[in-house]
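First up is the structure itself, then whatever we jot down about it.
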Amino acid sequence: MRTYHCFWLLFWAGQPHQTFLTPLSQRTSGFPEKGKVLVLSGNSRQDLRRSKRSWMWNQFFLLEEYTGTDYQYVGKLHSDQDKGDGSLKYILSGDGAGDLFIINENTGDIQATKRLDREEKPVYILRAQAINRRTGRPVEPESEFIIKIHDINDNEPMFTKDVYNASIPEMSDIGTFVVQVTATDADDPTYGNSAKVVYSILQGQPYFSVESETGIIRTALLNMDRENREQYQVVIQAKDMGGQMGGLSGTTTVNITLTDVNDNPPRFPQSTYQFRVPESTPPDSPVGRIKANDADVDENAEIEYSITEGDGYDMFGITTDKDTQEGIISVKKALDFESKSLYILKVEATNIHVDPRFLYLGPFKDSATVRIQVEDVDEPPVFSRPAYIMEVKEDVPINTVIGTVTAQDPDAAKNPVKYSVDRHTDMDRVFNINSGNGSIFTSKPLDRETLLWHNITVIAAEINNPKQSSRVPVFIKVLDVNDNAPEFAMFYETFVCENAKAEQLIQTLSAVDKDDSYSGHQFSFSLAPEAATTSNFTLQDNRDNTAGIFTRRNRYNRHEMSTYFLPVVISDNDYPIQSSTETVTIRVCACDHRGKMLSCNAEALIHPTGLSTGALIAILLCIIILLVTVVLFAALRRQRKKEPLIISKEDIRDNIVSYNDEGGGEEDTQAFDIGTLRNPEAIDDNKFRRDIVPETLFMPQRTATVRDNTDVRDFINQRLKENDIDPTAPPYDSLATYAYEGNGSVAESLSSLESVTTDGDQDYDYLSDWGPRFKKLADMYGAMDSDRDS
């Protein structure tokens, strides 16, 4: 006979919370079916259907946020092999087993020990098993069941941001999208309406509205003007339970800013502006500022100013200050009160960035009238020209008038003017001027070859007010006259070979002239009359401003005549004709058969006598080396004088002198004079340091001797002060020894040398009365007395 076993899973419902049991296949997705499922509800029991497994299991539900004092009852596990004799033991494992969920191992009752929160964990998967308590072996296979937490509405909707910021252009149409707000609810969206959120507007009407399901905020009012109101604060509420009564809600704030559009034209606050400007105002100087107001901001308020009409259209200009959006009126040309004293301008202000959507509001520009009054000022004289150019020949006599400058007072008074030359521009006083009529004349001879242009400045000042003056440049060009004779372009010194043949070219000549020729220079060359017939050379004019010197005979003898001086006359063709006589030096030299010079009787033309460059450089180097040697030797001797006579082997900075010999005691006074310490009054002012040679004999400062000095501290302080102010004292640390005891000591002398000279025995018991510091000494001398007595 075949036996079937089954394990019952029982679920109880208790008050006040129910436990719901439904088939797994109907309520839960994602969990596999375990064969056919038995449905149990409450305490009722239906017939069991046998399956391939004797485990019968299901899923059940618990409400979250249980607030009772006892453990929340979950359900009961039961196996058909449980005979009620306690032989079976129920074991629970899985999510929260033993901590969150506990089971009665005898009865199979399951309880929840803590409050459950679906938002933390909505599903718990557990495994149940029945084992034999005696053998510990399972009597049924381990099976799995699920506990689902039923949601309650315990979470209010939460917005993703605490504060939203949005902006839209002003004058937007109704229904313009502003921003979308979003709120989330942590409750279960699949169970009831706990997570169904509905949006509404609490603050911000009638300007804005919100879509209840999407949270999209839109404009609800037409023609919202930024210039009237720029900031809006809207409060949006999100409520769950579909907005029904009893639902939880949350709010958020939306700050909405209206951005500017160009919907306002510029406007001048007044129709007429008046300015006053002195006539002496230089061009490009500002006259005044005007401004058209624009309610818009940023680029929508940018304005461009222009002068559209008026009698001062060409005299004044206007520009825009980009920072202040003001129109700056400035002077374009020089003003003259006597010519015109009043200008009327029409200025227009126009928006640069115009929005075509708002052209219906009217033209985005405005105009105003500007009246500019020119004020009369005392002006300096004005020359008839901005600059004068004059010409004068270089051979004119002194006091010749070369030109005239004219200046007048532009004012109505027409004050007389006097003229003068700025001597900073005519340091040599070559020119002068008539102070009354402005005529310029020469005061010194001129020379074009020395200076071609003279640039002077003439000053015109009012006689009644010399501070009112003006200046004008005068450029004077010196014209050339033929007053310079032509001359050789260079000094000519050539040679002729002794074996030269007749009609042989030995030198080509050229000339220059300092004068200027409009048609070009034309020079003529010829021999001086005294040499034309007697000379051993001939001259041929090439008619191109050059000439050639040729030999007249064959062979020359340097022993008969070593040097020839050939006079050449050079003439120009200008008026008046100028000529000069130049001399060509010709030496007779010995040459080879190719005409190359070998030697001359007189000085060599190519190899001059004297020392070569190398020899001169060698002599100069020797002198420099000798000077450097002398300087180094002198510096070494000077440094040797400054070295101290005694240098410490350890550290030269210390003034501690080490002598490797034994002193002679108090009678040895050669190395150090201790008489000064013994007697402060015996000070030798002329003693100096023995370890260094003094550079300058400074006279030490004498200080008053401290007489009857009974305090060693005062004596040491006095010596320290004297060393501080002594210019011959060393600037580094030194060791000073003071052996002066002082007078009037309470203990008198403690020297053992004096005690030897006494004939009688001394009593040293008084040492015990001097305190613990002298105890050791008292013990020593007291022991000596004891030995002596014994």
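Using N, Cα and C of the backbone, Cβ positions are placed for all residues, glycine too.
The signal peptide feature in TrEMBL is assigned to 1-21. Marked as domain 'Cadherin' by TrEMBL: 79-159, 160-268, 269-383, 384-488, 488-598. What TrEMBL lists as transmembrane segment is 615-636.
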Would you mind listing the long-range same-chain contacts of the transmembrane segment (615-636), meaning Cβ under 8 Å and 6+ residues beyond its ends?
none
Of the residues in the domain 'Cadherin' (269-383), how many are helix, strand and coil by DSSP?
10 helix, 56 strand, 49 coil
Helix, strand and coil totals (DSSP H, G, I; E, B; other) for the domain 'Cadherin' (79-159):
0 helix, 37 strand, 44 coil
